[in-house]
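Asks: The following feature annotations were taken from TrEMBL:
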- A:Cys339: active site, cysteine persulfide intermediate (ACT_SITE)
- A:Ala85, A:Thr86, A:Asn165, A:Gln193, A:Ser213, A:Ala214, A:His215, A:Thr253: pyridoxal 5'-phosphate binding site (BINDING)
- A:Cys339: [2Fe-2S] cluster binding site (BINDING)
- A:17-379: domain 'Aminotransferase class V' (DOMAIN)
- A:Lys216: N6-(pyridoxal phosphate)lysine (MOD_RES)
Amino acid sequence: MNVVANNTIGRAPGQPIYLDYQATTPCDPRVVEKMIPYFTEKFGNPHSRTHRYGWEAEEAVEVAREQVAAIIGADPKEIIFTSGATESNNLALKGVAHFYKDKKDHVVTVVTEHKCVLDSCRHLEQEGFKITYLPVKPDGLVDLAELDAAITERTAIVSVMGVNNEIGVIQPLAEIGAICRKKGAFFHTDCAQAVGKIPLDVNAMNIDLMSISAHKIYGPKGIGALYVRRRPRVRLVPLINGGGQERGMRSGTLATPLCVGFGEACAIAKAEMAAEAERLRRLQTRLLGGLQQRLAEIYVNGDMDSRIPGNLNISFAFVEGEGLMMGIKDLAVSSGSACTSASLEPSYVLRALGLDAEMAHTSIRFGMGRFTTDEDIDYAIDHVTKAVEHLRSMSPLWDMHQEGVDLKSIQWAEH
Amino acid sequence: MAYSDKVVDHYENPRNVGALDKDSADVGTGLVGAPACGDVMKLQIKVSPEGIIEDAKFKTFGCGSAIASSSLVTEWVKGKTLDEAAAIKNTDIAQELALPPVKIHCSVLAEDAIKAAIKDYKAKSGIDDGKAAE
């Protein structure tokens, strides 16, 4: 089969170098290869029980379910396939809240969660549930004592993400799980950015529900999973009703090729995680070290130790993020700058760390992954350095800083 | 977001980047915007004894549209009288650069920068015609 060669993934001629692996990842060619037959000759409905086409598809789906379960230490029966982590997060939060609403009406989450968690919580709030949005410390991590104190006997579910999508920090899942178990609240974790990046074990970590996404781990877009613990049993009200597939929690015909790709992506990630993490750590050190060597006044956002190796979020003081991205158009990165969104508000995640709005405006997220090379990083260091130097040479703030003016002492006209 | 060719041109080849002596009597300096909002423009004009803007320089912290807006106005104000320069409207800037709606504030800031520079110059040279900036 002729899939794209590894050495052009994320750096095809004329295309910018891809450094946005937290946004999405390319499908691993090995994943695509496994998927192909399930579009054509093995096209059966995995829920068809009366013929070979159905059995063949069902078998493939069940293998995939085992592969997904294995990477988080779960039982395959506890894996519910969904359309992705957004659906999984919606199902976990709304599903659990609705099921237990007679006895419990409280949800605990964190301000730096993904929008789909926060927005699901807003919806529950409108229905009358009480939501506690915990702050984070300046390093981006949740304060365990505050979390403990926030959980009451009315708390149905606590939702804390494994790894933050913007700053890559890893929350202390095992400690949070222990607190939730002790307090009798279910623990849900959005692990879209964590699975395949850090070792996870739902039993050791006392995780009751976990959201997983395929396209963040070199699998296809359009599929994810929700892990739902069986013992002690977690129950939920489904969002989608129908034929009762997926233990009745998510009706609808499973997308066999996507399940197969997702499963294969998990199997590869599980086998290669340790080596890949080590390689990415080297690239992360190379990128940060290279930039720090050549540029003054750059700051890493989020804790450096409790962080996945594939992420670096850096503020380049006195240079606005979107302006900088325009200057590094040979790199595909993203920014916490307001200008990248229609709202003109800088990243709520960076603001939650206590970062000044002006520093949030100067941030760039570098996401490295499976196909990132040393050469990519060296090119990025050079390209970013030149652009930052150029933009600082035309930045009035840089001049003022050089003259020793404290920017905070100036009465700016906020507009 | 795709930028217009004119924004890209001004971003890649900014006109009149630099600084004039802010303490000089014939130089007016406007500093507008705020770091917290993601854009700050410094626009300086050098005015001849006849009241013509002879030179203009800018420095900008901001996105591509903010840089392009300030670069453009340095070109536009040169050779103009103070009154002519003060008549430049943000809508002219936005139209020239084909700015999308979310970037209109960049052109507003550029207009403010011109007015602020003129106001500073007039204040320095003791001109009070009652219709300075604002």
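For all residues, glycine too, the Cβ spot is worked out from N, Cα and C.
Note that the structure is a prediction, hence the values are computed from the model and not measured.
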Asks: Can you give me the same-chain residues 6 or more apart in sequence from A:Ala85 (pyridoxal 5'-phosphate binding site) with a CB-CB distance under 8 Å?
Replies: A:His114, A:Cys116, A:Asp190, A:Ala192, A:Ser211, A:Ile212, A:Ser213, A:Lys216, A:Gly224
Asks: Test of understanding: give the count of other CB atoms lying within 10 angstroms of the CB of A:Thr86 (pyridoxal 5'-phosphate binding site).
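Replies: That number is 20.
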Asks: Mind telling me which of the recorded positions A:His215, A:Lys216 has the densest Cβ neighbourhood, counting other Cβ atoms within 10 Å?
Replies: A:Lys216
Asks: Could you say whether, by DSSP, A:Ala85 (pyridoxal 5'-phosphate binding site) belongs to a helix, a strand or a coil region?
Replies: helix
